[in-house]
Amino acid sequence: STMRRRKTTDSPYLSTNLSEGKEKLRLKQEVGLISGVSLIAGTMIGSGIFMSPEWVLHHMGSPASSLLIWAACGLLAMFGALSYAELGTIIKESGGEYIYILRIFGPFPAFLFAYTSVILVRPAGLAAVCLSFAEYAIAPFYPGCSSPQVVVKCTAAACILFLTIINCLNVRLATSIMNIFTAAKILALLVIVVGGLVLLAKGQTQSFQNAFQNTTAGIGAVGVAFYQGLWSYDGWNNLNYVTEELKKPEVTLPRAVMIAIPLVTCLYLLVNVSYLAAMTPSELLSSGAVAITWGDKVLGSWAWLISLSVALSTFGSSNGTFFSGGRVCYIAAREGHMPDILSMAHVRCLTPSPALLFTSTVSLIMIVSGSFTGIVNFFSFMAWIFYGMTISGLLYLKIKKPELSGSYKVPIIIPMIVLMAAVYLVLAPIIDQPQIEILYIVLFIFSGIILYFPLVHFKCHPHFLQRVTLHLQLFLEVAPTTRDAN
């Protein structure tokens, strides 16, 4: 693919020169509407719907309020994706939040995003998905009790190592695995939905009587419940990472969003209703793996099918997360915001192996030191800081530079709602239950300042770094990718 390294000293604001000069540099536009829908839905349906329901219920306290959270999360994901769709029609470049923050606010905040995303946010997402895969993969070996944490973490680590090998060796194999497992996850959800409808038809509605009883009202608890629910919708912005490869992005991007997200929201609500039809709230809360408990109660001797389907689903999702994980890293390196080694590819396999190896190493550290719910809360807090920044960039363009608007325009009230939700999701846990971990996260984000000014702004690169890069190139058998090939 033809890439160009842009100067980070460009104006932080958008200019027509960017869009004019981009015409001949655009990547092949091969992603159509169906592929776009499948990319969004396939990434969203991962581990969350099989792991998060018990935590949403735990924080909200009642079945009806937890269902409201699931619906509200779907609506928020829809509003966020529609706002991003407008950004994608104004700035027709791949890279998602990173490229939007870079073009609107300039290189410094974009570097902070890339630094945080590459080192923490993306590895945290991969770690959480692999932990959920491990829970379901080993649950059948420990019937009637929760699985030992050591076994769960070792299985998750093995999953990451296996994915690293696949993605570093063969791109086609990695994409084939993604497609097969997408079918498995949709089938698993449909089995759970149909089973729940049968139970409701038989009159199993005890969980829905006095459904609002014991509802929690604390702003912090609601915020954390949102974190757990929104984790299941993560991926709503995935199409913005491949904008350059979309056919007619101004049409495909909004349409794919309008099809995929309502479809996933309806599936999630029906699956939650099915869980509550099969289990009492207390049974759901005590279940380490909700879908396995559902399978034991509804399918009996065939319960292993659910365990297998969910393990396949979460493995496929972790593969998708890992596969797309190098995109921000690669583009940030292309802009001069990351070490050159992370933008290199293997000379024979043509895979971005340094970026993939780096992501897997950080993910392994997170698996050893964290739990699923802790990693998800940490991931969501960081992600919503940057979602809020990106949406505020859209509001800035709509108000200050209306002439830049693309062919698709979202009503201004929608990004305003998303921005208010982002502010709430960031501040609510801090106000209600301040934790020292949140301070560490904020300090980590701003620690990027120490690296930005000497390494990026003033371009002071110590000679030993060049030697390290050269040795790594020889050891990993990687080379810089073509930039100005035309």
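Cβ coordinates are placed from backbone N, Cα and C, and glycine is handled just like the others.
Here TrEMBL flags 31-52 (among others) as transmembrane segment.
The transmembrane segment annotation in TrEMBL covers 64-85 (among others). Taking Cβ pairs closer than 8 Å, the transmembrane segment (64-85) reaches residues 40, 44, 53, 56-57, 96, 208, 211-212, 215-216, 222, 225-226, 229-230, 232-233, 236-237, 240, 253-254, 257-258, 261-262, 264-265, 268-269, 272-273, 387, 390-391, 394, 408, 410, 414-415, 417-418, 421 in its own chain, all 6 or more past its ends.
Same-chain residues lying 6+ beyond the ends of the transmembrane segment (97-118) with a Cβ under 8 Å from its Cβ atoms: 8-9, 12-14, 18, 87, 91, 237, 240, 328-329, 331-332, 335, 337-338, 342, 355, 358-359, 382, 386-387, 389-390, 393-394, 396-397, 444-446, 448-449, 451-452, 456-457. For 97-118 (among others), the entry in TrEMBL reads transmembrane segment.
What TrEMBL lists as transmembrane segment is 154-174 (among others).
As annotated by TrEMBL, transmembrane segment applies to 180-201 (among others). Long-range contacts of the transmembrane segment (180-201) within the same chain: residues 38, 41-42, 45-46, 49, 267, 270-271, 273-275, 277-278, 291, 294, 298-299, 305-306, 309-310, 312-313, 315-317, 319, each at least 6 residues beyond the stretch ends and with a Cβ under 8 Å from a Cβ of the stretch.
Sequence annotations record features per position, and here TrEMBL assigns transmembrane segment to 256-278 (among others). Counting only same-chain residues 6+ beyond the ends of the transmembrane segment (256-278), those with a CB under 8 A from a CB of the stretch are 33, 36-37, 39-41, 44-45, 49, 53, 63, 66-67, 70-71, 74-75, 77-78, 81-82, 84-85, 189, 192-193, 195-197, 199-200, 204-205, 207-208, 232-233, 236, 239, 284, 290-291, 293-294, 297-298.
Non-local neighbours of the transmembrane segment (298-317) in the same chain are 42-43, 45-47, 50, 129-130, 132-133, 136-137, 139-140, 159, 177-178, 180-182, 184-185, 187-188, 191-192, 195, 199, 278, 289, 291-292; each lies 6+ residues outside the stretch with a CB under 8 Å from one of its CB atoms. Positions annotated as transmembrane segment by TrEMBL: 298-317 (among others).
For 354-372 (among others), the entry in TrEMBL reads transmembrane segment.
What TrEMBL records for 378-397 (among others) is transmembrane segment. If you look at the transmembrane segment (378-397), the same-chain residues 6 or more away from its ends with a CB under 8 A from one of its CBs are 14, 80, 83-84, 86-87, 90, 97, 100-101, 104-105, 109, 113, 116-117, 120-121, 124-125, 128, 226-227, 230-231, 234, 237, 370, 404-405, 412, 415-416, 418-419, 422-423, 425-426, 429, 437-438, 441, 445.
Annotation source TrEMBL lists transmembrane segment at 409-431 (among others). Residues of the same chain lying 6 or more positions beyond the ends of the transmembrane segment (409-431) and with a Cβ under 8 Å from any Cβ of it are 76, 79-80, 82-83, 85-86, 219-220, 222-224, 226-227, 230, 377, 380-381, 384-385, 387-388, 391-392, 394-395, 398, 438.
Annotation comment: TrEMBL describes 437-458 (among others) as transmembrane segment.
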Long-range Cβ neighbours of the transmembrane segment (31-52) (under 8 Å; 6 or more residues past either end): 77, 81, 128-129, 131-133, 135-136, 178, 182, 185-186, 189, 228-229, 231-236, 238-239, 242, 245-247, 252-253, 255-257, 259-261, 263-264, 267-268, 271, 289-291, 310, 313-314, 316-318, 320-321, 324, 372, 376
Chain residues in Cβ proximity to the transmembrane segment (437-458) (below 8 Å; excluding those fewer than six residues from its ends, i.e. six or more beyond): 8, 107-108, 111-112, 115-116, 120, 336-337, 378, 381-382, 385, 429-430
Cβ contacts under 8 Å made by the transmembrane segment (154-174) with residues that lie 6+ beyond its boundaries: 126-127, 130-131, 133-134, 137-138, 315, 318-319, 322-323, 346, 349-351, 353, 356-357, 360, 363-364, 367-368
